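Asker: Below you will find the structure I want to go over with you.
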Amino acid sequence: MKSKALINLLSDGDVHSGEFLAAQLGVSRTAVWKQVRRAMDEGVKIETIRGRGYQLLSSVDLLDRDAILADVDNGYRSALSLVVLDEVDSTNAEVLRQVADGVSGVPVAIADCQTAGRGRRGRVWSSPRGQNLYLSIGLTFHGGFSVLDGLSLVLGVAVANALETLGASDIGLKWPNDIFLPSGKLGGILIELQGELQEGVVQVIAGIGINVHMAEAEEVDQPWSSLGNASPGIDWSRNAIAGNIITAVLDAAHQFSENGFPDFHAPWQRRDIFAGMPLEARNGELHGTGEGIDEAGNYLLRTEQGVVPVRAGEISLRVVQ
Ligand code: BTN
């Protein structure tokens, strides 16, 4: 957000004169007024009080690199190459660029808004400014692509745990890795692989989108929810959410590298929102009841012919209406 310094000055909720703000920011009063207008255009609620100055009407959850790092586990902090951007096409694309440029450390990109946010299956990920978390992390694995089986489920468990640590409740997972609340989709994970594979080294970009403050989204075509809607009593901070998710994802990636998927089987299963539901897959060719996942992370359908595994990436599962 371009008017971040101005909003910081207003964040105490008091009325501040244009003169005071101009002196603090080292700009003219006209420049202050322009920044106020820009912030208002970006959705920040500021009241202009004639003869007195400006007042912030609602709190703004600004992204702050130091605040994010303060919530990352000590052991990871110095290894991160973290960029916090005002705007980007896609944080996944940003991390891919960093990897291609040979970034050192674990690349992480977070943005206040995305102009070309990507969802799974080529969908657009709605990414309004200042509302939600858009975060991507570059992860390196050794042993070729086959070691990645189950990774998307592992990351779902990590994100769900991080959100519950911060006070969210009833976080469910929809196979393979959508983050759900009982009221609708709360977030999603998009895993992209970097094309090159050298001596078994696999570079994964894990993009995580979580609806935090979003209160309306006309362009989203499925039931959705946000942390703010579901738990309005919590003062949700995107910095704290980001720091906790980064730590949880890096912890999970290490554990997954060491022990594989079995450690995550039961934790995923506990959060399965499809368990016991009537489901269809393969464009309606396969009908059954949700039976959880197998040891490789495939989803199991109990059908009239027995239990059938559904492979990740093969088809999408949906509840029969
Ligand atoms: C889904 O379709 O459920 C996955 C959505 C993933 C969205 C996140 S937001 C941060 C990262 N950057 C992107 O362009 N997409 C992912």
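Backbone N, Cα and C define each Cβ position, glycine as well.
Sharing the feature lines straight out of TrEMBL:
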type     : residues                                    : note
DNA_BIND : 18-37                                       : DNA-binding region
BINDING  : S90, T91, N92, Q114, R118, G119, R120, K185 : biotin binding site
DOMAIN   : 67-257                                      : domain 'BPL/LPL catalytic'
Asker: Could you break down the residues of the DNA-binding region (18-37) into DSSP helix, strand and coil, giving a count for each?
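Answerer: In the DNA-binding region (18-37), the DSSP-based counts are 17 helix, 0 strand, 3 coil.
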Asker: Reduce the DSSP letter at S90 (biotin binding site) to three states and note it down.
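Answerer: SS state of S90 (biotin binding site) = coil.
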Asker: Can you check how the pLDDT averages out over the domain 'BPL/LPL catalytic' (67-257)?
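Answerer: Result for the domain 'BPL/LPL catalytic' (67-257): average pLDDT 93.
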Asker: Are any of the binding-site residues S90, T91, R118, R120, K185 near ligand 1, with a Cβ under 6 Å from it, and if so which?
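Answerer: From S90, T91, R118, R120, K185, counting a Cβ under 6 Å from ligand 1 as near, the near ones are S90, T91, R118, R120.
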Asker: Q114 (biotin binding site) has how many other Cβ neighbours within 10 Å of its own Cβ?
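Answerer: Its Cβ shell of radius 10 Å holds 26 other Cβ atoms.
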Asker: When DSSP states are folded down to helix, strand and coil, where does R120 (biotin binding site) land?
Answerer: helix
Asker: Counting only residues 6+ apart in the same chain, whose Cβ is under 8 Å from the Cβ of T91 (biotin binding site)?
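Answerer: Correct list: L85, A109, I110, A111, Q114, Y134, L135, S136, G207.
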